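Trainee: OK, TrEMBL features for this one:
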- 101-281: domain 'Mucolipin extracytosolic' (DOMAIN)
- 288-314: transmembrane segment (TRANSMEM)
- 346-366: transmembrane segment (TRANSMEM)
- 376-514: domain 'Polycystin cation channel PKD1/PKD2' (DOMAIN)
- 378-398: transmembrane segment (TRANSMEM)
- 418-440: transmembrane segment (TRANSMEM)
- 486-507: transmembrane segment (TRANSMEM)
Amino acid sequence: MCLAYLITVFRRCSLNSDMEESSETYDVHETNRPISWEDHQCQSMEERTECLRRKIKYYFMNPCEKYHARGRIPWKLMLQIIKIAIVTMQLVLFGLSNQMVVTFKEENLLTFKHLFLKDYVDGSMEAYAVYRQADVYDHIDYIITQYGLLHNNTVGNHEYEKNGSSYNPLLLCQNFYRNGSIYPGSETFEIDAHVDTECLKIYPANPVPLRDMPENFELHFKRLLLVKVTFAVMAINLQTVRYRELPDCYDFTVIITFNNQAHSGRMKVDLEMDVEINECKDWKVTGIYLTVMFDCVILITCITSFVLCTRSVVKGVLLMFEYSRHCRTHSGRNVPWSDKLEFVSGWYILMIVSDTLTIIGSILKIEIESKVFTSYDVCSIFLGTGTMFVWIGVIRYMGYFKKYNILIVTLRAAFPNVIRFICCAGIIYISYCFCGWIVIGPYHEKFRTLNTVSECLFSLINGDDMFPTFKDMQQKSNLVWIFSRVYLYTFVSLFIYMILSLFITIITDTYDTVKQQQENGVPISELQKFLSVCKDLPNSGVYRLEKNESCIISCCINR
């Protein structure tokens with residue numbers, strides 16, 4: 001009788017080995033390799049439920065518990081630790097390189113101001129202006145002269161831009177109304193609003209003063225809007241050579257503007273520059289490919305992490321579908337979205353996003369080091385955001401400890417209420433922004449634009465810069481001054497004493513609720529109640545059964 005039963009058992013196992021269904025099939029001919037409990041065929045409804053319960057429970061285990069459950073080394077955790085170290089190192093190296101680029105641009109801008117602006121003093125750009133016609137000519141002549149003496153004056157490696165064998169000229173242009181007759185004494189004027197542009201080219205080999213030009217270039221001050229002086233200067237940033245990087249070749253387009261659009265008698269002078277970074281020609285620097293190799297290692301690491309995290313997300317989604325089918329089949333109910341979202345790990349999605357950003361940033365960094373791509377700002381955004389997400393992902397592993405996961409649990413529980421609260425508070429905030437901009441803007445520097453209004457009001461919420469905001473209000477209009485007081489007092493009272501306090505209360509109440517639930521240990525969802533039935537510990541051995549034993553044990557237990 002027993003022999004007949006064993007023969008029946010082995011026939012059933014052989015029959016099951018020929019089935020190719022999902023993850024529950026196995027091969028009885030391989031008896032030396034252990035498999036997980038989820039691969040054996042469950043016969044009864046209770047066994048299938050228990051198999052699903054253990055599968056889901058294993059999915060939600062932390063790396064240490066998974067190691068005890070199946071003896072698998074937590075490669076994903078080790079990979080994340082390595083990735084944090086090398087990605088942070090990459091960011092630091094790129095930050096140092098980017099800082100050299102920014103410093104080189106800023107120092108060249110300051111150099112051009114001292115070279116081409118007459119009597120310029122550091123920090124005086126806001127007040128730098130001319131008030132007499134003779135001063136305008138003197139300043140333009142000074143720029144022309146200094147441009148011609150660039151080789152003799154500069155202490156840097158600046159050079160004129162070349163077009164073939166000749167240097168490119170300095171371009172002097174004036175914008176003015178086509179026709180106009182203005183008589184302030186009789187308060188009459190006649191003007192054609194069409195703007196004409198007149199330009200003059202001046203070569204560095206022959207820097208002639210403006211009034212001595214044979215072309216008779218005359219400034220029409222009554223109709224004058226702008227005078228622009230434009231020229232190009234080239235330079236090489238040699239700082240990067242010390243860090244085994246290729247030096248960058250820069251094309252600076254310097255634009256000096258004399259702004260007379262207001263016709264107030266004060267012509268403001270401003271100097272700006274556009275920067276274009278190009279690949280240097282005929283370069284030879286040793287050791288530059290070490291950083292490229294390091295970036296390639298980071299690329300491989302992030303791609304591996306991306307694949308592993310994507311695989312985990314897919315497994316979670318498949319488990320969600322399996323759990324949903326089980327609930328519909330056995331209990332006739334649909335799984336709520338809150339339970340479904342438990343299977344879609346936000347941490348894995350965060351890691352996938354961080355890996356994607358780091359991969360793109362690393363590719364851009366390699367192109368920058370090879371001088372194929374020159375936009376440091378775009379690369380810094382990808383690398384900086386990717387590294388930030390990598391470090392935030394560390395909190396996931398801290399959350400496996402009950403004393404460290406209170407922040408994560410509280411934020412997750414309070415998130416829906418916080419979003420709804422911010423939407424309502426944001427409407428009130430935007431209304432104050434528009435009101436302050438249109439009413440107080442003409443009389444207060446911090447309310448001149450919507451951007452500065454928003455920054456000012458946000459600072460007031462945090463209690464910063466409060467007294468200067470009240471003090472800097474001009475008293476040219478008594479009505480607006482009184483309105484500004486009512487406006488500021490109501491805003492501060494509403495947001496600091498009411499809205500901000502309510503926001504803190506939402507977080508505090510959520511924290512108390514979560515803490516109480518953790519102390520009581522009561523399952524708060526149907527999924528947790530479903531999993532709480534399974535009392536098997538990770539080191540119990542039920543999560544890794546031998547193939548040649550699993551079917552016999554299962555059937556004997558049923559019998």
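Cβ atoms here come from the backbone N, Cα and C positions, even for glycine.
Automatic prediction, not curation, is the source of TrEMBL annotations.
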Trainee: Could you give the residue numbers and ranges of same-chain residues that sit at least 6 residues beyond the transmembrane segment (346-366) on either side and whose C-beta is under 8 angstroms from one of its C-beta atoms?
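Mentor: Distant contacts of the transmembrane segment (346-366): 80, 87, 90, 94, 292, 295-296, 298-299, 302-303, 305-306, 309-310, 312-313, 316, 373, 375, 378-379, 381-383, 385-390, 392-393, 396.
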Trainee: Is it true that the transmembrane segment (418-440) and the transmembrane segment (486-507) have 3 or more Cβ pairs under 8 Å, skipping pairs fewer than 6 apart in sequence?
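Mentor: Since 3 or more Cβ pairs under 8 Å link them, the transmembrane segment (418-440) and the transmembrane segment (486-507) do come into contact.
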Trainee: Quick test of the contact rule: Cβ under 8 Å, at least six residues beyond the ends. What residues does that give for the transmembrane segment (288-314)?
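Mentor: Hits for the transmembrane segment (288-314): 75-76, 79-80, 82-83, 86-87, 90, 93, 244-246, 344-345, 348-349, 351-352, 355-356, 358-359, 362-363, 365-366, 369-370.
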Trainee: Count the residues of the domain 'Polycystin cation channel PKD1/PKD2' (376-514) that DSSP assigns to helix (H, G, I), to strand (E, B) and to coil, and report the three numbers in that order.
Mentor: 118 helix, 0 strand, 21 coil
